[in-house]
């Protein structure tokens, strides 16, 4: 019974940790918004710029998975190429280590004022800016609280010989530690959660240094599972991007594995406390692997193109497909919606022009274009409605909520305009309707004013 209570306490702390990291990530994404996409789009083949970009964005969103999911969307859209994406992936691994360095601090007292201050800002502040700051402070406090819960919960495990022997076995045979770290991370979908749990348990001496290192190396591999699953249904370039992250982490683990003993001794020289040593090992491992791959990125890209060859045709995603990977950052998803609404508005404008030709000149070609465009408008409207529905389930800032509502109204109006354009084109088929020259001139002026008003509105 005592063991069950201990495990319940550890997993309760882990649940709070995963929740806190997730909420902190949502808040940071709300604040940063579509800037992530613009930063990634400007990333060039300059290796260190790409690495810095990957590290920065991953730290800001507290998730390498989110960074890679965004890359998948951009590569799938043809906005980035594979080589650029690989450099960002190398940086994303470094970005995840910053969280480990933060949680390695023993801040069991600090989380109380963090939680209290953050909550007060959330409740009292009327401006969204201060509410967001309150969220950040509050969830940081919860992260440190969860670390304390897991650390205290793991303390009694030192009294269980079976558990201690098992943990020591992970150090003697690191392959098992790497495997366990990978599986646990694949289940939790968070390498930060795995690393934080390992650091928390090491605070009470439950996990020794060498076992901890094996577990965090495995966590690096396990974090790739979500990205590999996300590549299903994408083009070849996006599939290569997902596989690139897995290859980097797997090859890094294979290279380090024979030297884990020496690596552990080297890490032991960087400090005295095991939690800090594990965090240092995480940082040094990821930085070393990233720098190791820089000169071989071209070779890695060549290998991936051979493993996943093109299908002999262009696979760049058409502008008419809304990529669900951008839902990872709501503001970026709304940016995608904005682009599609603009496309829908342009098609509707062309429909009005062709409806004018069909009505005034009895132009059969213009009539056919209007009919075909109406089908396109209906398809875009349906796709946007579904996509906006999914965005509605996300955590949105006040600004993004207003944008979403504005887009919902806009697509309804545009769809109605397209219907009216189709109706006007239909009148051109009714031979019995005849207008005088004066009446037709008036109708043409109405068309011209309508087009002018519409162009100004969109």
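The backbone N, Cα and C atoms fix where each Cβ goes, and this holds for glycine too.
Whatever TrEMBL says is automated annotation, not expert-curated.
Annotation comment: TrEMBL describes 341-427 as domain 'PhoU'.
Look at TrEMBL and you will find 51-73 (among others) tagged as transmembrane segment. A Cβ distance under 8 Å defines the sequence-distant neighbours of the transmembrane segment (51-73), meaning residues of its chain 6+ beyond its ends; these are 21, 24-25, 28-29, 32, 36-37, 39-40, 43, 80, 85, 87-96, 98-99, 189-192, 223, 226-227, 230-231, 234, 238, 241-242, 245, 290, 294, 323, 325-326, 328-329, 332.
Per TrEMBL, the feature transmembrane segment maps to 85-103 (among others).
Positions annotated as transmembrane segment by TrEMBL: 136-154 (among others).
Taking Cβ pairs closer than 8 Å, the transmembrane segment (174-200) reaches residues 10, 13-14, 17-18, 21, 62-65, 96, 99-100, 103-104, 143, 146-147, 150-151, 154, 207, 210-223, 225-226, 253, 257, 260, 275, 278-279, 282 in its own chain, all 6 or more past its ends. Annotation source TrEMBL lists transmembrane segment at 174-200 (among others).
Residues or ranges marked as transmembrane segment in TrEMBL: 212-232 (among others). Long-range Cβ contacts of the transmembrane segment (212-232) within its own chain (Cβ-Cβ under 8 Å, at least 6 residues beyond either end) map to 64-65, 68-69, 72, 93, 96, 100, 170-171, 174-186, 189-191, 194-195, 198-199, 202, 238-239, 241-243, 245-246, 249-250, 252-253, 256, 260, 263-264, 267, 274, 277-278, 281-282, 285-286, 325.
For 244-263 (among others), the entry in TrEMBL reads transmembrane segment. Away from its own ends, the transmembrane segment (244-263) comes close to residues 64, 68, 82, 85-86, 89-90, 92-93, 174-175, 178, 210, 213-214, 217-218, 220-221, 223-224, 227-228, 281, 285-286, 288-290, 292-293, 300-301, 303-304 of its chain (Cβ-Cβ under 8 Å, at least six residues beyond either end).
What TrEMBL records for 284-304 (among others) is transmembrane segment. Residues 47, 51, 82-83, 86-87, 90-91, 93-94, 96-97, 213, 216-217, 220, 240, 243-244, 247-249, 251-252, 255-256, 263, 267, 270 of the same chain, all 6+ positions outside the transmembrane segment (284-304), place their C-beta atoms under 8 angstroms from a C-beta of that stretch.
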For the transmembrane segment (136-154), sequence-distant contacts whose Cβ falls under 8 Å of one of its Cβ atoms, 6 or more beyond its ends: 6-7, 9-10, 12-14, 16-17, 19-21, 23-24, 27-28, 103, 107-108, 110-119, 121-122, 196-197, 199-201, 203-204, 206
Distant-in-sequence neighbours of the transmembrane segment (85-103), which means Cβ under 8 A and at least six residues beyond its ends: 21, 40, 43, 45-47, 49-59, 62, 64, 67-68, 71, 74-75, 143-144, 147, 191-192, 195-196, 199-200, 216, 220, 223, 241, 244-245, 248-249, 278-279, 282-283, 286-287, 289-290, 293-294, 297, 300-301
Number of helical, extended and coil residues in the domain 'PhoU' (341-427), per DSSP: 80 helix, 0 strand, 7 coil
Confidence summary (mean pLDDT) of the domain 'PhoU' (341-427): 88
